[in-house]
């Protein structure tokens, strides 16, 4: 096997929880990518305008960000985390089932807000729990986790595609002209920026003819095994009240591992348990309490902030590039035909998923810091070449694939690197997830406004600026890493004759 026996044994020991967290992230991916291609059919279902239906995007993105901030609240015990994941994954299946019944745009926005909250909780909790279980070995498992979100994001548009309307799904006397432009309108819809489509006259009243409901019901059924898997994990851990035969305190994974550890390691175990009990991996609001700042050096805050800023930029690039690459391609000077340009977002997400798959074995051989460096440099070079060859359609496709590949592993690698710097204390996971969510929402809105005012060429200029800022913030992170105080036990833990204390943390065995 391409990984050593120690990591393999640890994976086998935590097989069920690891697979469960991966499957929950598949739910996240399934839910995050369906809205774009189905939005026109949902517009017909709710009989709303283009500007009204794009608010559904905002409700999902804003509540995803809010859910990411609140997700850390449920980390205090393993039981709370699993119950939150069960409720969130079940909510996603229910959302898919309810969407076809929403015939008002406000009701649809509320339903998508619930989906956003569930997705935010999944994002924070799944990352937190995998970091808790594997700690210094978490990089490879985080890469696999984020592969599943990419896989889900690829699958949901494929499920929806056969059920999308080929002509305008509201039948009226004025449908003929708009129907011929429907594929272009569908691919150009991005959050809050339908301004370049306002000249299309889409009817709001008439007979609704759409089959998109079947796509949502299929996705609801595909997602249903995920909450069942979380329930089985709860049952195995004897955390389901009606099936629990013995009463016991609800402990986190780290604390359960302390109980199973031999007595001669008790003195070492307490050194791991103390910082965790002091509030490691808190939610965003607990992180801001003054008690967590006492005795912390300025580099403690700097690592959190610079790590979040790197992901603010890179995840923001993912959002703005996937949202506007089609609109950029069909405008001058490239003027790519609509059908060909439609492959660009799929190519981008396809290479993100491929990159995450490749990163699983690579992350075992390469340090997270090195992977992040390669990622941010690759993003910068890709945008530079896209600018230099801005009139080449061929290089637009090559650059899109390259950009997806370099962006693919940035988030899990940065999360593993930052948590490693902070010795799995602090609030790195929550802060980084929140920073990434803000970036994806804010930069997309910002770039949309700039393109509307300055033209399509500014799309690549913005990407180049964001890539340069990501590289700059990463350079600051490396500087603060060198300044961050290292624990005195690092030398002992690194000794080949002494096993690492954290090797057995995070077990689910009782």
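We count from 1, first residue shown onward.
Cβ coordinates come from backbone N, Cα and C, glycine included.
Taken straight from TrEMBL:
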type     : residues : note
REGION   : 487-510  : region 'Disordered'
TRANSMEM : 21-40    : transmembrane segment
TRANSMEM : 52-74    : transmembrane segment
TRANSMEM : 81-99    : transmembrane segment
TRANSMEM : 105-126  : transmembrane segment
TRANSMEM : 138-159  : transmembrane segment
TRANSMEM : 214-235  : transmembrane segment
TRANSMEM : 300-328  : transmembrane segment
TRANSMEM : 340-358  : transmembrane segment
TRANSMEM : 370-389  : transmembrane segment
TRANSMEM : 395-417  : transmembrane segment
TRANSMEM : 429-451  : transmembrane segment
TRANSMEM : 457-480  : transmembrane segment
Output the single range from 81-99, 105-126, 138-159, 214-235, 395-417 maximising the number of Cβ pairs under 8 Å to the transmembrane segment (300-328).
395-417
Within this structure, do the transmembrane segment (457-480) and the transmembrane segment (370-389) have 3 or more Cβ pairs under 8 angstroms, counting pairs 6 or more apart in sequence?
yes
So which residues does the transmembrane segment (21-40) touch in its own chain, when a touch means Cβ under 8 Å and the partner is 6 or more beyond its ends?
53-54, 56-57, 60, 85, 88-89, 92, 95-96, 112, 115, 118-119, 122-123, 126, 129-130, 144-146, 148-157, 159-161, 164-165, 169, 182, 185-186, 189-190, 212, 215-216, 219, 222-223, 225-226, 229-230, 349
Close approaches to the transmembrane segment (214-235) from elsewhere in its chain (Cβ under 8 angstroms; 6 or more beyond its ends):
16-17, 19-20, 23-24, 26-27, 30, 34, 38, 79, 82-83, 85-86, 89-90, 92-94, 96-97, 99-100, 155-156, 159-160, 162-164, 243
Result, the transmembrane segment (457-480) in contact with the transmembrane segment (429-451) (3+ CB pairs under 8 Å):
yes
